[in-house]
Amino acid sequence: EKEPRDPEPQDKHRAESGVEHEGEDEIDLNSIRIEPESTQVVSSSFAAFDEARKTRAEEAYPIVHIEENPKKGTSMVLVGIVAGMFIASLAMMVMSWVMFGAKEPSAPVSASGVPIDFEAHREEDLRELQAIERERDTALAVSRALKLERDAAVNVVAAREKIRKAELRAAEILAEQAEQGRKIEKKLMAAKIRAQEAERAEARALDRERELRIKAQKKSKEIEARQARRKKERSQALAAQVREEQRLRQERKAAKAASDAQIVRAREQQAAQDAIARQAAEAKAKAAQAESKRFSSNPCNSPSAKFLSTCKK
């Protein structure tokens with residue numbers, strides 16, 4: 001009788017590890033054992049990320065500290081991710097080659113058809129398969145750790161990108177605030193200049209008003225002095241006019257008296273002349289009467305006697 005065939009070493013190992021597969025391509029990630037070094041790398045990455053996040057959170061926002069080019073760190077992280085994926089794919093290829101291409105041919109069979117040392121070969125194959133599975137598990141763990149590290153790196157890159165954007169936005173805000181501060185300062189300076197100009201204009205207006213007030217006071221004093229002078233002149237002129245009228249009145253009185261006296265004298269002289277004329281007229285009349293008497297007695301004594309031929313001279 002043939003002995004019952006033992007389960008395949010791979011199925012036995014799967015049963016021992018408690019991993020159930022519905023197909024050859026499905027892998028239970030919970031059964032993957034991550035090596036301490038990989039775990040330490042992932043934990044250190046997360047710790048560094050948390051520390052960076054806490055440090056960024058504790059910094060005074062929006063103070064910006066840009067000391068290096070963010071693109072440089074991003075490119076290095078991407079290069080690391082690509083290199084890790086390449087190494088992981090290379091490791092998977094090596095594991096696949098070991099699993100499917102490095103198996104020895106079937107055990108040699110004797111002329112009678114009985115396998116030679118079948119149990120030894122099966123144990124050796126089982127050990128090789130277990131070693132391959134351990135290497136596979138290690139490779140899967142490394143791949144998972146690399147994936148986690150890649151995700152952490154991507155998160156770090158995204159966080160750095162967010163931080164960079166926040167820093168750029170903070171820088172823009174600071175620039176806008178500085179620009180607004182400069183504009184406000186310019187406006188304040190312009191307002192201060194306008195206030196100073198207004199103060200100077202007010203001072204000039206006050207000086208002008210004071211000068212006008214002084215000029216008005218001087219002019220009013222001059223007007224008052226002129227009015228007083230005119231009043232005095234009018235009073236003096238009135239007094240002079242009164243004196244002149246009195247003088248003229250006196251002169252008219254004196255002239256009237258003189259005229260009256262002259263008229264009296266003229267009348268007296270006229271009367272005297274009239275008397276003298278009357279006397280002369282009377283004497284002349286008397287002489288003419290006597291002459292006429294003489295002519296009448298002798299015509300040659302008349303003035304026309306020369307025309308008379310009878311009269312001889």
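Each residue's number is its place along the chain shown, starting with 1.
Yeah, the Cβs are placed from backbone N, Cα and C, and that goes for glycine too.
Features reported for this protein in TrEMBL:
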- 1-21: compositional bias 'Basic and acidic residues' (COMPBIAS)
- 1-32: region 'Disordered' (REGION)
- 77-100: transmembrane segment (TRANSMEM)
- 218-227: compositional bias 'Basic and acidic residues' (COMPBIAS)
- 218-239: region 'Disordered' (REGION)
- 285-313: region 'Disordered' (REGION)
- 295-304: compositional bias 'Polar residues' (COMPBIAS)
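Residues 132, 135-136, 139, 142-143, 146, 149-150, 153-154, 156-157 of the same chain lie 6 or more positions beyond the ends of the transmembrane segment (77-100) yet place their CB under 8 Å from a CB of it. As a summary of secondary structure, the region 'Disordered' (218-239) carries 22 helix, 0 strand, 0 coil according to DSSP.
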